[in-house]
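K.L.:
This is the structure I want to talk about, given as structure tokens.
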Amino acid sequence: DLVVALYPYPLALVAIFHNGWTMGSLHCQLSGFIMGLSVIGSVFNITAIAINRYCYICHSLRYDRLYSRQNTCLYLLLTWTLTALATVPNFLVGSLKYDPRVFSCTFTQTASSSYTVCVVLIHFLVPLGVVSFCYLRIWTLVIRVKGRVRPNPKVRAADLRNFLTMFVVFVLFAVCWAPLNFIGLAVAINPARVAPNVPEWLFV
């Protein structure tokens, strides 16, 4: 997010000032890549955190082995490697273009219908399903064991607070990004009919 604030956002301000993109193709592609890296990285990291919490609460006996220092570093490396790889197809498809509605170079939903469907599926629906499964299993376990044993109040309060914080982050993220992804899916399925009818105020 800090990188986005330092590079793509200032370029967007310049585009607003000039009422169009004047920084050339290189800055357009690079700023779009960084924006995509930020968004996809957020999705994949939220998913990784949900899996971590699921293992910590639902498989506590194996947690220390699964999340040793070495394994944790590998998981972080894997998460960001997948994030970088997920943004590469944008250059192959040519989907990073200037969008006057947001004064930024960003993912264009009409560049390729099949690619847009894959983006929504891999970058939103699959992570949404994984995170939903993890938190549902955690809630189920918490409800099932509640009151059976006398918990440590401090540990229980800290764990519950951390879990609720990440759950709220996940819900807010899903609510904020669901409309854009479902609009993208609709545009991909029927671009000629849906794309012209998408109101511009949604992107303000």
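Every residue, even glycine, has its Cβ placed from backbone N, Cα and C.
Quick paste of what TrEMBL says about this protein:
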- 1-204: domain 'G-protein coupled receptors family 1 profile' (DOMAIN)
- 30-51: transmembrane segment (TRANSMEM)
- 72-93: transmembrane segment (TRANSMEM)
- 113-142: transmembrane segment (TRANSMEM)
- 163-189: transmembrane segment (TRANSMEM)
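In terms of burial and nearby residues, how do these features look in this structure?
P.N.:
For the transmembrane segment (72-93), the residues of the chain that approach it from at least six positions outside its boundaries are 29, 32-33, 36-37, 40-41, 44-45, 48, 107, 111-112, 115, 122-123, judged by C-beta separation under 8 angstroms.
Outside the transmembrane segment (163-189), and at least 6 residues removed from its termini, the chain residues within Cβ reach (under 8 Å) are 42-43, 46, 49-50, 53, 57, 109-110, 113-114, 116-117, 119-120, 123-125, 128, 131, 135, 138, 195, 198, 202.
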K.L.:
For the transmembrane segment (30-51), find every same-chain residue at least 6 residues outside the stretch whose CB is under 8 Å from a CB in it, and list them.
P.N.:
1, 3-4, 7-8, 11, 75, 79-80, 82-84, 86-87, 90-91, 96-97, 104-107, 123-124, 127, 130-131, 134-135, 166, 169-170, 173
K.L.:
Could you tell me the mean pLDDT the prediction assigns to the domain 'G-protein coupled receptors family 1 profile' (1-204)?
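P.N.:
Mean model confidence (pLDDT) across the domain 'G-protein coupled receptors family 1 profile' (1-204) is 83.
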